[in-house]
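Taken verbatim from TrEMBL:
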- 21-51: transmembrane segment (TRANSMEM)
- 63-84: transmembrane segment (TRANSMEM)
- 105-130: transmembrane segment (TRANSMEM)
- 136-157: transmembrane segment (TRANSMEM)
- 147-239: domain 'CAAX prenyl protease 2/Lysostaphin resistance protein A-like' (DOMAIN)
- 178-197: transmembrane segment (TRANSMEM)
- 203-222: transmembrane segment (TRANSMEM)
- 234-259: transmembrane segment (TRANSMEM)
- 279-297: transmembrane segment (TRANSMEM)
Amino acid sequence: MLINNNESLFLKAKKSKKLGNIIWTPILAEIMIEFGGFLGWIAAIILFKFFTTLGLNTNDNKLLILFLDLSGFLFISLVVFFRVKFIEKRDISDLGLNKENSIRNYLKGFLLGSVMMCTIAFILYILGYATLETNSIQNVGISAITSILIILPGWIIQSASEEIVARGWLMNILGAKYDGLVGLIVSSIYFGLIHLFNPNINVLAIVNIILSGFTFGLYVIYTGNLWGACGLHAAWNFMQGNIFGFEVSGLDTSVGTLIDLKLKDNSIVSGGVFGPEAGLVATFIEIIVIIGFIYLIRKNKMKKV
């Protein structure tokens with residue numbers, strides 16, 4: 001079997017005092033996201049009022065709004081940490097957040113995510129499905145560097161929070177309860193469904209986001225930690241929105257970009273207004289990476305036999 005529940009993180013999840021079933025556990029994951037999001041919303045309101053007292057125009061400050069929105073995901077992670085520590089009686093490191101080589105593993109994932117999105121952007125540009133925007137509504141190039149550096153920590157927090165819920169917790173809990181493959185499949189479908197109400201969503205976008213879930217999940221299984229998947233996810237979003245100027249999962253993140261590429265509207269190849277995640281080029285790249293991870297996981301298992 002390619003994936004079983006004897007993988008290291010699945011074994012750690014077995015220590016949980018609360019191993020939920022295949023129906024309740026995804027629902028609980030969504031409850032934690034919604035509750036954490038609510039706490040983040042309250043924190044954002046408080047920070048907005050604070051910045052207003054400092055004389056900052058918060059209503060028209062798109063960069064500040066996006067940064068606070070992304071940073072609010074931090075509270076989702078805190079909710080998961082609380083459950084793991086005080087209800088399941090486990091160490092937070094059991095989610096795959098062990099300290100050993102954490103920075104190196106994160107940077108490896110960030111590099112992989114960057115290469116994947118650069119490849120997608122390059123293919124789209126070469127095929128004529130992406131063109132340079134000549135009338136950009138945001139800062140582009142050197143003038144956007146400050147905004148890009150400010151928003152990067154927001155992407156790091158947002159992506160890590162989603163990985164902590166979907167892969168660090170949900171995938172490993174179900175993998176421990178049933179089987180690793182069950183955990184991978186359910187968590188990937190769940191990851192696709194939580195984007196169901198994003199702007200301009202379509203069937204291919206959902207399929208591709210589910211494939212992204214498989215990519216992130218297989219990376220966690222291959223490396224035995226969550227850091228790489230967090231880095232991959234962060235780079236995937238950051239490169240889309242603030243290096244190439246694409247929409248990120250249908251969301252407008254036009255606060256500054258290094259290069260501003262415009263995708264062909266309503267194109268199944270490019271993804272159109274949803275961004276490249278709704279295009280066949282992304283499908284192609286994700287499938288290649290998934291096959292690569294399956295090969296590497298299988299190769300590792302053969303070495304251990």
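Backbone N, Cα and C atoms are what each Cβ position is placed from, and that goes for glycine too.
Bear in mind that TrEMBL entries carry predicted annotations, made automatically and left uncurated.
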CB contact flag for the transmembrane segment (178-197) and the transmembrane segment (136-157), at least three pairs under 8 A: no
Contact call for the transmembrane segment (234-259) against the transmembrane segment (21-51), three or more Cβ pairs under 8 Å: no
Annotated stretches the transmembrane segment (63-84) and the transmembrane segment (105-130) touching (3 or more Cβ pairs under 8 Å): no
Tertiary contacts of the transmembrane segment (21-51) (same chain, 6+ residues out, Cβ under 8 Å): 58, 64, 68-69, 71-80, 83, 161, 165-166, 169-170, 173-174, 177-178, 182, 186, 190, 194
Per Cβ pairs under 8 Å, the stretch of 136-157, 203-222, 279-297 packing most closely against the transmembrane segment (105-130): 279-297
Chain residues in Cβ proximity to the transmembrane segment (203-222) (below 8 Å; excluding those fewer than six residues from its ends, i.e. six or more beyond): 3, 7, 9, 96, 109, 112, 163, 166-168, 171, 180, 183-184, 187-193, 195-196, 228-229, 232-233, 236, 249-250, 268, 271, 274, 277-280, 282-283, 286-287, 289-290, 293-294, 296-297, 300
Helix-strand-coil residue split for the domain 'CAAX prenyl protease 2/Lysostaphin resistance protein A-like' (147-239), DSSP-based: 79 helix, 0 strand, 14 coil
